[in-house]
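Look at TrEMBL and you will find 247, 268, 269 tagged as S-adenosyl-L-methionine binding site. Among the features that TrEMBL reports, substrate binding site is placed at 247, 265, 279, 304, 316. Annotation comment: TrEMBL describes 91-305 as domain 'SET'.
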Ligand SMILES: C[S@@+](CC[C@H](N)C(=O)[O-])C[C@H]1O[C@@H](n2cnc3c(N)ncnc32)[C@H](O)[C@@H]1O
C-alpha cells in the first residue's frame with residue numbers, strides 16, 4: 001500500500017509549544033472574497049539589514065508577484081528553464097496544459113513501469129533550513145522556534161516580497177495565485193453546507209487564522225521593519241498556507257522533512273496510481289518510481305495519498321470524477337437522543353472512551369466500520385441493558401482493542417433502523433443542496449469572482465454527488481439487512497405459531 005507522501009494532517013502548531021498554541025476561539029470576520037486576489041503592495045520598504053544579497057536589501061516598490069493564473073504556461077516555462085539552468089537534470093517530461101489539473105507533467109518519451117523520474121537535487125528543494133533572502137527575518141523566526149509549517153508559510157511570503165532578489169522568484173511566479181485549498185468561511189457556509197467535511201475545513205481556517213494571530217502578536221509586531229503588515233497579513237498567510245496545503249510533501253527518507261519541491265509539485269494526482277515522492281539517497285534527489293508505463297504525450301501522475309473526495313477537496317481543491325476514487329468515503333454523523341432516559345449514563349460511557357454525544361463515522365462504498373454499529377447499539381439500547389453501555393462505548397471507540405464485533409440480536413433491528421434514519425437525514429441535506437444549487441445566486445460583479453464561484457459551486461456539486469452515492473449504497477444494504485431480519489423473525493413467528501397449533 002502506498003503511504004501518503006503528502007502531509008496535510010499535521011497540526012499547524014505543535015501543542016507542546018505554548019507559543020504556537022492554536023487560538024481556537026479566534027472569530028472570523030468574513031474574510032471575504034478578496035482573499036484570493038493578488039495583494040498589491042506599494043512603496044513599502046522592508047528593512048532587511050543582514051541580507052545575503054544587495055538586492056535583497058531592496059525596497060519593495062513594485063507589485064509583489066503572488067503567483068499566476070493556473071492555466072498560464074508562460075511562468076511555468078520560465079520555471080522550467082530556470083530549474084534546468086540551476087541543476088535539474090534533463091527530464092523525460094515537460095510542463096504542459098492538461099485535461100486533469102490544468103497544468104501537469106507530460107511524458108516526452110516512453111517511460112517504463114518501475115522507472116525512477118525527476119531527480120530534483122536538495123539545492124532546489126525548499127525546507128525549513130533554506131536560506132532567507134532577508135537573513136535577519138529568518139533568524140528571528142528560528143530564535144523563536146517557529147515550527148516548520150508557519151515558518152515555511154512566512155518564508156514564502158518573505159521571498160515573494162523581495163521579488164527578483166529571491167532565488168525562488170521563478171518558482172513563486174509559477175505558483176497559483178488562487179489556491180483553492182483554503183476556502184473562506186463564507187464559501188464553506190455557502191458550498192459545503194451538506195458535507196461533514198465543512199467542519200474540518202472550518203477548523204483548518206481557524207488554525208491558519210490562529211497561527212497568523214500568534215505570529216503577529218509575538219513576533220511580527222515586535223519587528224515591524226522585518227515583517228511589515230502590508231506584506232505579512234492574514235490575506236498573504238491564507239495564500240501561503242493554501243500553497244503549503246496543496247504542495248508540501250513529507251520526504252520520508254529525508255528524516256520525514258516537509259518540503260516544497262519545485263518541478264515535482266507540478267505532478268497531479270490520480271486515484272489509479274500508488275506511487276509517491278521521496279528522497280532517493282543513492283541519487284541524492286527527490287524522485288518517484290512509476291507504477292505503470294507512459295507513452296509520449298500522456299500525463300504522468302503520482303498519488304497524494306489514499307484520501308476521500310472530501311479530503312482531496314479540503315487540501316487540494318479538486319474532486320475526482322464520481323466513482324473513480326476507491327478510497328472515497330463520507331462521514332455519517334450519529335447522535336444520542338436528548339430524550340433518551342439514559343442519555344447521561346450513555347454520554348458518560350462514551351466520554352470515558354473519548355467519544356461524544358454526536359460522533360462521525362466514515363462510510364465507504366464497500367461498507368462501514370464496526371465502531372459505527374457499536375455506537376448505534378448504544379444509542380438505541382433500553383435502560384434494561386445499562387450494564388452493557390460500557391462495552392458498547394468501548395467498541396464504538398477506535399482507541400481500544402476490546403472486542404469490536406458485538407452483536408445484540410434483541411436490538412439489532414432498532415440499531416439498523418437508527419443508522420438508516422441517520423443516512424436519510426444526511427441524504428435530505430444533500431438533496432436540498434443539490435436542488436438549491438440550480439438556483440444558487442452567482443451574481444457577482446468581477447469576472448474573476450464569478451469564475452471562482454462557478455468553480456467552487458461545481459466542486460461542491462461533485463462532492464455532494466459522490467458522498468450521496470455512498471450514502472445511497474449504505475442505505476440500500478442496511479434496508480436489505482433489515483428486510484432479511486424482519487423476514488427471519490416472521491418465519492420464526494410462523495413456525496412458532498404452527499407448532500403451538502399442532503400441540504393444542
Ligand atoms: C501539487 S499541485 C500540481 C500542479 C498543479 N496542477 C499546477 O498547475 O500548479 C496540486 C494542485 O493541482 C491540481 N490537481 C492535482 N491533481 C488533480 C486532479 N486529479 N484533478 C484536478 N486537479 C488536480 C489541484 O489544483 C491541486 O491543488
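Using N, Cα and C of the backbone, Cβ positions are placed for all residues, glycine too.
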Which value does the mean pLDDT take for the domain 'SET' (91-305) in this predicted structure? 95
With the cut-off set at 10 Å between Cβ atoms, which of these binding-site residues ends up with the most neighbours? Options: 279, 304, 316. 304
If you draw a 10 Å sphere around the Cβ of residue 247 (S-adenosyl-L-methionine binding site), how many other Cβ atoms fall inside it, taking every protein chain shown into account? 22
What is the nearest of the binding-site residues 247, 268, 269 to residue 279 (substrate binding site), using the Cα of each? 247
How many Å lie between the Cα of residue 247 (S-adenosyl-L-methionine binding site) and the Cα of residue 265 (substrate binding site)? 6
Cβ proximity for residue 268 (S-adenosyl-L-methionine binding site), under 8 A, sequence spacing 6+, ordered by residue number, returns 98, 100, 101, 104, 105, 299, 301, 302
What is the interatomic distance between the Cα atoms of residue 304 (substrate binding site) and residue 269 (S-adenosyl-L-methionine binding site), given in whole Å? 6
Within 10 Å of the Cβ of residue 269 (S-adenosyl-L-methionine binding site), how many other Cβ atoms can be counted across all chains shown? 22
Tell me which residues of the chain lie with their Cβ under 8 angstroms from that of residue 265 (substrate binding site), as long as they are six or more apart in sequence? 247, 249
